[in-house]
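Chemist: For reference, Swiss-Prot lists these features for the protein:
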ACT_SITE  HIS322  active site, proton donor
BINDING   HIS136, HIS138, LYS219, ASP362  Ni(2+) 1 binding site
BINDING   LYS219, HIS248, HIS274  Ni(2+) 2 binding site
BINDING   HIS221  substrate binding site
DOMAIN    131-568  domain 'Urease'
MOD_RES   LYS219  N6-carboxylysine
Amino acid sequence: MPYRMSRQAYAETYGPTVGDRIRLADTELFIQVEQDFTTYGDEVKFGGGKVIRDGMGQSPIANADGAVDLVITNALILDWWGIVKADIGIKDGKIFKIGKAGNPYIQDHVDIIIGPGTEALAGEGMILTAGGIDTHIHFICPQQIEVAIASGITTMIGGGTGPATGTNATTCTPGPWNMYRMLQAADAFPMNLGFLGKGNASQPQGLVEQIFAGAIGLKLHEDWGTTPATIDTCLTVADEYDVQVAIHTDTLNEAGFVEDTIAAFKNRAIHTYHTEGAGGGHAPDIIKVCGQANVLPSSTNPTRPYTVNTLDEHLDMLMVCHHLDPAIAEDVAFAESRIRRETIAAEDILHDLGAFSMIASDSQAMGRVGEVIIRTWQTSHKMKVQRGSLTGDAEADNLRAKRYVAKYTINPAITHGIAQYVGSVEAGKLADLCLWRPAFFGVKPEIVIKGGMIAWSQMGDANASIPTPQPVHMRPMFGSFAGARNATSLTFVSQAALEREIPQQLGLRKSAVAVSGTRQLTKQDMKLNDALPHIEVDSESYEVRADGELLTCEPATVLPMAQRYFLF
């Protein structure tokens, strides 16, 4: 017998469905459900008197015969490929299926089997995203990893050895011995980790040995000398061993100008860090490289978005991070040359146009490791307020939302050759997922799933009679401990290191997998962020133009996802 529910009652019971709109946190961004994979009247839901019971929504089918390990019911997926309502089945730590869950003996169109071996996680009224990927990590302290995963990051790529002066300034894990020790340390964390070697060398031998040791890429940094010769050598080695190169270019233009650096690229794929330039790079016009087809450009979060405080805080941060002396006039001039309101304002707009493809942190080296996701959505909000809806976003902000979520999920995964494992909510990938209450979206995840197991979660007083009494905050869960963290996380290495059995020699307990497919990439591979405008920068005024149009915007005086959510 049919039963009719109001749209509001349905959303409150099973979550939003096609046509419903959801506000993201306290921003001016709204997303609209595009498709619903569940079946009206045949939804599954767990609880007393609910559907997932034996003989109803739960079948007697064993896990060995096809039932999943975990089902997330009625969640709203937000990913670069769509905004859809679905059940999500997880099996053996991977996403098994996005579709309709239930008991195939009594329900139609079931492609996710719930059985006696299936755990249930209520996704009704929740937003599900892929775990974030931060590709600009200075591994200065291990506590960064706790902060990152608590914010929704599940993969970290960068370099360092701890609070050494070199690591404070550059994202490099230099040399085999340091690489081995960091790979061994990676076993201690419920986080996918990959390390970049130092790429600054005019001869290849010192670069090759780092790749053999496990480096998944090489980092060129001006503090080690990013000259045209080192750029060419580094990219040549990367091409041979299929690893990515990340670059922080020559702020002082000592070894050449931006045109010389572009020439040294020789149309080879490269990930340009903080491409606007406040984080470092040819002053004042490094931003030009985002119009090059072989350049995969990212921002770091100190300049995201442009606010009334952005310029003031940058000078002190820069002096500390790059070991500069405020008593030396040349050091102060070096710092001031990198901080330009005009290029930072243009960066906002270039993100909105899809010309900048990624956002990362620059952790403790001017950036905040726990704010990649917040800063991304604050930028999106600011652009919605200042520039209006994107073409095609009439009733909701779906295109803009998909463009911005791609900046910290699929695009960094593609760039660093790990998209076959992580970076999106798609079948076959590691189940690194974040569940968000819409009111807290992008700010504080409700649950972080790592390799199919809950690793971190909002949790109340452990001595309380129920899980919810205050103080409720992010805490590590069972997936973060002992063998579980090793079974649910990956360590990324080079194919050359796998062939030399480096993980076995080091006794690594995590699964080690190789990066691949990094050298033939172009900007066109960046999902929803593949624009190639012709960029011009006035050397006197620093004004930025894209295809002849002046790019400028006002700094924000207030932002969402800020004080409303935090006491400190």
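Even glycines carry a Cβ here, placed using N, Cα and C.
Owing to the predicted nature of the structure, the values given are computational and were not obtained by experimental measurement.
Can you tell me where each of these features sits in the structure?
Modeler: Listed in sequence order, ALA169, ASP223, GLY280, PHE334, ALA335 are the same-chain residues six or more apart from HIS322 (active site, proton donor) with CB atoms under 8 A from its CB. According to its DSSP assignment, HIS322 (active site, proton donor) is coil.
Following the DSSP three-state reduction, the secondary structure of HIS136 (Ni(2+) 1 binding site) is strand. For HIS136 (Ni(2+) 1 binding site), the number of other Cβ atoms no farther than 10 Å from its own Cβ, over all displayed protein chains, is 32.
LYS219 (Ni(2+) 1 binding site) falls within a strand segment according to DSSP. Residues near LYS219 (Ni(2+) 1 binding site) in space but far in sequence (CB under 8 A, at least 6 apart, same chain), listed by position: GLY158, GLY159, THR170, THR171, CYS172, LEU196, GLY197, LYS198, GLY199, VAL245, ALA246, ILE247, HIS248.
Just so you know, the Cβ of HIS221 (substrate binding site) picks up 25 other Cβ atoms within 10 Å once every protein chain is counted.
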Chemist: Rounded to an integer, what is the Cα-Cα distance in Å between HIS221 (substrate binding site) and HIS274 (Ni(2+) 2 binding site)?
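Modeler: So the Cα of HIS274 (Ni(2+) 2 binding site) lies 12 Å away from that of HIS221 (substrate binding site).
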Chemist: May I have the list of same-chain residues other than LYS219, HIS248, HIS274 whose Cβ is within 8 Å of the Cβ centroid of the recorded Ni(2+) 2 site, in sequence order?
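Modeler: Neighbours within 8 Å of the Cβ centroid, excluding LYS219, HIS248, HIS274: HIS136, THR170, THR171, LEU220, HIS221, ALA246, ILE247, THR249, THR272, TYR273, GLY279, GLY280, GLY281.
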Chemist: I'd like to know which of the binding-site residues HIS136, HIS138, ASP362 sit within 10 A of HIS274 (Ni(2+) 2 binding site) at the Cα level.
Modeler: HIS136, ASP362
